[in-house]
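Here is the structure we will look at.
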Amino acid sequence: MAKVRISSLAKDFGMSSKELMGHLAEMKIPAKSASSTLEDAYVSIVKQKLAPILEARAAEVEAAKEAELAAERAERAAQAAAAERERLAAEARREEERRLSLAARTAEETARAVAAAREEDQRRKEEARRREEELEAKRRAVPASDSGSRFRSLLDQIAAQEEVLKEREEAQAPAPEPEAPARSRSGREGGQSRRRSNTAPAVPAPMDMPVPERQPKNKKRRGAKTEEDHYARMAREAEEYSREKVLEEARAAVEEATRESTGRRRKRKEKREREAAQAQEERKLEEAIAQGISPEEMDAVRVSEGVTVQELAEALDVSANDIIKRLFLLGTPLTMTQSMSNDLVELVADDLGRQIKIITPEEENTFTFYDDPADLVPRPPVVTVMGHVDHGKTSLLDAIRHTGVTRTEAGGITQHIGASQVSINDRVITFVDTPGHEAFTAMRARGAKVTDVVVLVVAADDGVMPQTIEAINHSKAAEVPIVVAVNKCDKPEANPDRVRQELVEYGVIPEEWGGQNMFVNVSAKQGQGIDDLLETILLQSDVLELKANPDTFASGYILEGKLDRGRGPVATLLVSRGTLHVGDAIVAGQCWGRVRAMLNPRGEQVEVAKPSDPVEILGLSAVPGAGDEFRVFEDDRDARDLADERALKARIEEQNKVKHVTLETLFDEMSQNELRDLNLVVKADVQGSIEALADALGKMDQSEVRINIIHSAVGAISETDVTLAAASNAIIVGFGVRPQGKARDLAEKEKVQIKTYSIIYKAIEDIDAARIGMLKPTEEEVTTGSAEVRDTFRVPKAGLIAGCMVTEGEISRDDQVRVVRDGVVVFTGTFGSMRRFKDDVKSVKAGYECGLGIDKFQDIKVGDILEAFKIVEVARTE
Ligand SMILES: Nc1nc2c(ncn2[C@@H]2O[C@H](COP(=O)(O)OP(=O)(O)OP(=O)(O)O)[C@@H](O)[C@H]2O)c(=O)[nH]1
């Protein structure tokens, strides 16, 4: 059979060998190290079980790849965008430069034009002044009579000259008028002003630039006006272009600013969300710590142990069909109302990629209470006495009780209720009387935390013994402080110091040696050191600052439950919180009732029990179990409902234990079309048997049902085999091997069928029979009687006849017969004749003689024993 190394399998799975080893350990598949090998059958189981993880991992890898690709794409896009931004910025820069240089050029030109205009103006003024002077000189030289007409003609000449000059001026210098663009854009102005505005320059002149004088208007100059329109249009276009540009830039700037502010807003929002998520995470963590579970479990969907397919579907909010389908694929077909094993629930949840938390009945029956610290008041410590057998636990408890009783009041111990209370220095200590760690651990296993302090009894003459160590370990696991009572100190061979030294090795270190544990030397027998021990317990409990809220409905744990003939169910409870009153409606496990009467440890009737008080109560509907949690309900209907609900759940669970396939049910399952695979785990004493079976199975018709040997090995049927079979709905077939004790128990619990055979063909027959839906009853040989051959004689036609005496039972004519000579079977066949005297008979009883002939056997000898037997069909029990 092929084998795979764990390390290479882990590699295939894309996980570390360590992780895979962890999974294997969970599946109870034996694997020593990463270099160990796994059978093929195990590999397929591992693959099946890990399928959800592997798929998830593949999906993760896929997602990571995609994320990488997306990141790459995003980066490329970002680069492209950056390049585009760079290009646009460069373009904008170029545009700006161009605009600036244009403006500069225009300004320069304007300045030049203005200077030229000024110069021209100056020159004109100069000219006019010079002409004025000339005229004045001429006027003075001309006689007064004809001076009028001559003067007029001169003036006309001058006017004509001025006209020419003006014309020249306009033609030479179309100096642009630096007028504000806003004014030029105002459409309310008249045509004149519009025309004026049309002469505005493309770019406004710098502020400090001197404004050129306005050009004189001339409506008659048509040609000049056309020229003006052309330039004006160009100027307007240039201006509009630059305006558009400015607007565009402004818009872009606004957009950018908005983007930045949205970005900031988004960032702020993201930060707020992050903080909220973090706070929620922290809250979750705190809650998880408070409940003693991992934060992941907080997210998980919670279902009760033994949940049915339908309930699981509802809890996971998926269709029941989906779950049934998955179960079918897992090889465990179940119907809607059948309950599922924890393994199956986890497998299905994994398959669906969901977190699930299975709530055990203990967890389900636990209540969580919250008390305001202001309501808490000190309460007495609850102490459990533990120690090795015969080290004096019972004696010590007796001595303590005796001390307490005599100390408080006369009357002695009248009743023992499984717990006791003693008073010392006006303070009370409660002792859980059931000594030994079984009670303690059993309670703890049920989630009951009743003990505040453990008194570890160690006999000074015996020292640390195995149960002492166990008690230490249990106390430490429960985080309960230990006070050591070194007992039997009265004995001459007592060596309390040796006890101290030995305990140091186990981390129990005396205070006087710098450790945490208080030690007291006592003698339970002589009552020595008991007060000292009680005071030490009080000291230890002071450190613990034990408190509880007495002003609320009571809750706590059942210490003991029993059925009393006269009084009915009786339970001893320890109140952890609140105050219990007679008449309270109470639920404990699956029991409920009203507290009819309450007795304190001294057997006195009491009306109330406060935190740390043990009381015996009457009135429950049934006997609760030790460690069951109890609580009082305001309304007894609620109490009854809860108890009923729990009882019903327990019953359903019992009925619905997961059903696995058996050879007998195989045909039914097949005909319902629910099963197509018959999985086998084969264990044998020799490899040859496994091979022979595999061979034979291989030859069977597998058209209707496929037979898979999911695991085979030489050796006894182990727990691991059962786990594997349970997980894969397989039948365990054993040849010449038996299940180990624990494996049998587990198989019973898991309802896994184990079939053991000593002959291979029987197994093959069974499997084949199961396959075709017929499981034949077993054939058994039953000895009917035996006869002794006393004589032989020959009879014509009939052959050799033996004269016999029937010594045992009754031999029938139809029986088969075995001829035994000197302890060896020499022939097996059937009777040919059976006669008494001359008559053929059907049977002969013990004590009678008869003549017997055996078919095809003529070698009967005197002294032979003829054993008669029948083959009967016996209905199979396995
Ligand atoms: N000399 C002496 N004998 C003691 C002392 N304490 C207990 N014994 C004896 O030790 C034996 C065992 O005492 P138990 O009190 O039954 O011890 P235990 O630890 O309760 O034993 P189990 O219940 O069987 O685990 C009895 O014979 C007691 O008489 C003591 O202080 N001194």
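Cβ atoms are placed via backbone N, Cα and C, with glycine included.
No curator has checked TrEMBL annotations; they are predicted automatically.
Worth saying up front: this structure is predicted, and the values here are computed from it rather than measured.
Taken residue by residue, the compositional bias 'Basic and acidic residues' (88-139) breaks down under DSSP into 52 helix, 0 strand, 0 coil. The compositional bias 'Basic and acidic residues' annotation in TrEMBL covers 88-139 (among others).
What TrEMBL records for 88-283 is region 'Disordered'.
Feature annotation from TrEMBL assigns compositional bias 'Basic and acidic residues' to 180-192 (among others).
If you look up TrEMBL, you'll see 224-263 (among others) marked as compositional bias 'Basic and acidic residues'.
If you look up TrEMBL, you'll see 272-283 (among others) marked as compositional bias 'Basic and acidic residues'.
Look at TrEMBL and you will find 378-547 tagged as domain 'Tr-type G'.
Residues or ranges marked as region 'G-domain' by TrEMBL: 381-529.
According to TrEMBL, the feature GTP binding site maps to 387-394, 433-437, 487-490.
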Which binding-site residues out of D390, K393, C489 lie by ligand 1, going by a Cβ under 6 Å?
D390, K393
Helix, strand or coil by DSSP: which one applies to K393 (GTP binding site)?
helix
Using DSSP, break the region 'G-domain' (381-529) down into helix, strand and coil residues and give each count.
49 helix, 39 strand, 61 coil
Measure from the Cβ of C489 (GTP binding site) and count the other Cβ atoms within 10 Å, all protein chains considered.
22
Run through the Cβ atoms and count how many others sit within 10 Å of the one on K393 (GTP binding site).
25
Work out, from DSSP, the number of helix, strand and coil residues along the compositional bias 'Basic and acidic residues' (272-283).
12 helix, 0 strand, 0 coil
Average pLDDT across the region 'G-domain' (381-529)?
82
Enumerate same-chain residues with a sequence separation of six or more from D390 (GTP binding site) and a Cβ-Cβ distance below 8 A; give 'none' if the list is empty.
A459, D462
